[in-house]
Amino acid sequence: MLSFSKVADLRRQIGDWRRAGLRVGFVPTMGNLHAGHFALVELARQHADKIVASIFVNPTQFGPNEDYARYPRTPDTDIDGLRGAGCDALLLPSVEEMYPFGTMGCVQMHVPGITDILCGAHRPGHFNGVAQVVARLFNMVQPDVAVFGRKDYQQLQVIRYMATEMSFPVRIVPAPTLRETDGLAMSSRNQYLQGEERQTATFIYQTLCFMRDQAALGMPPGGIEAEARQRLEMAGFTVDYAEIRRSDLSRPRASDEKGLLALIAARLGRTRLIDNLEFDIA
Ligand code: PAF
């Protein structure tokens, strides 16, 4: 696997591949990679000839009291894992390479509407930072396809909107959520969980299944959400939201039977966990 810290060097390599008629797939990450990330690389491989991954803990998507400083950075094991997953090139840029005029001097981005709800309402500025860095990465790599996990469903929707609205010539490929055997969605933040929190964390997936099952029984979304929140709080979570939404993240209508999601964001100790479950009730 080739490794680049400078965008100009990566671009030269990608230019060679393009001249040879090869399609480029892209998997952006913040590192601390797990099986879920390697599955993204494998999925990208189904759509492209050469796979580029990036590892960059993006400061602009973290709020002032969030975990930017302690976000786990494990480049050596990440590089081994990406090599094993068949990745062809890695972009590992510095903050200066990504933001040459600094994070205060950089061009700002705002994706309207969809970023005001759910995680956007609880992490002000987060999705602006995500859109900003993903737009930069798309411009640097210029991939034919880019793969994003469905676990970060709202992020996926923000990126789809941004890529369409800004005419990036890239196809966004969503990847299924990978779960541990007890249902916990794989996430780099799972390793923050202390002692019994790891077991308690499985309650998020159980609650998503409860929400889906109650929807199938005809319970109205408001009632499901109130009960889900109460169950999570009883289990020790501080709940940001537990909501039923349509696949475009608008509020569901009484007649909706297909394309629904249950979404949860909740904190356990110092760890904020998110997950979602897509379902139909017909
Ligand atoms: O999902 C992530 O890991 C990050 O939000 C992303 C898309 C790599 C942007 O920093």
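Glycine is treated like the rest: Cβ placed from N, Cα and C.
TrEMBL lists 30-37, 149-152, LEU178, 186-189 with the feature ATP binding site. Annotation note: GLY36 (ATP binding site) sits in a helical segment as assigned by DSSP. In sequence order, GLY149, LYS151, THR177, LEU178, ALA185, MET186, SER187 are the residues near GLY36 (ATP binding site), counting only same-chain partners six or more apart with C-beta under 8 A.
Annotated active site, proton donor per TrEMBL: HIS37, in sequence order.
The Cβ of GLN61 (beta-alanine binding site) lies under 8 Å from the Cβ of GLY125, HIS126, PHE127, ASN128, GLY129, VAL130, GLN132, VAL133, each on the same chain and at least six residues away in sequence. What TrEMBL lists as beta-alanine binding site is GLN61.
Among the features that TrEMBL reports, (R)-pantoate binding site is placed at GLN61, GLN155.
Taking the C-alpha positions, the distance from MET30 (ATP binding site) to GLN155 ((R)-pantoate binding site) comes to 14 Å. With a cut-off of 6 Å between Cβ and the nearest atom of ligand 1, the recorded positions MET30, GLY36, HIS37, SER188 reduce to MET30. In this view, the densest Cβ surroundings among the binding-site residues GLN155, SER188 belong to GLN155, judged by other Cβ atoms lying within 10 Å.
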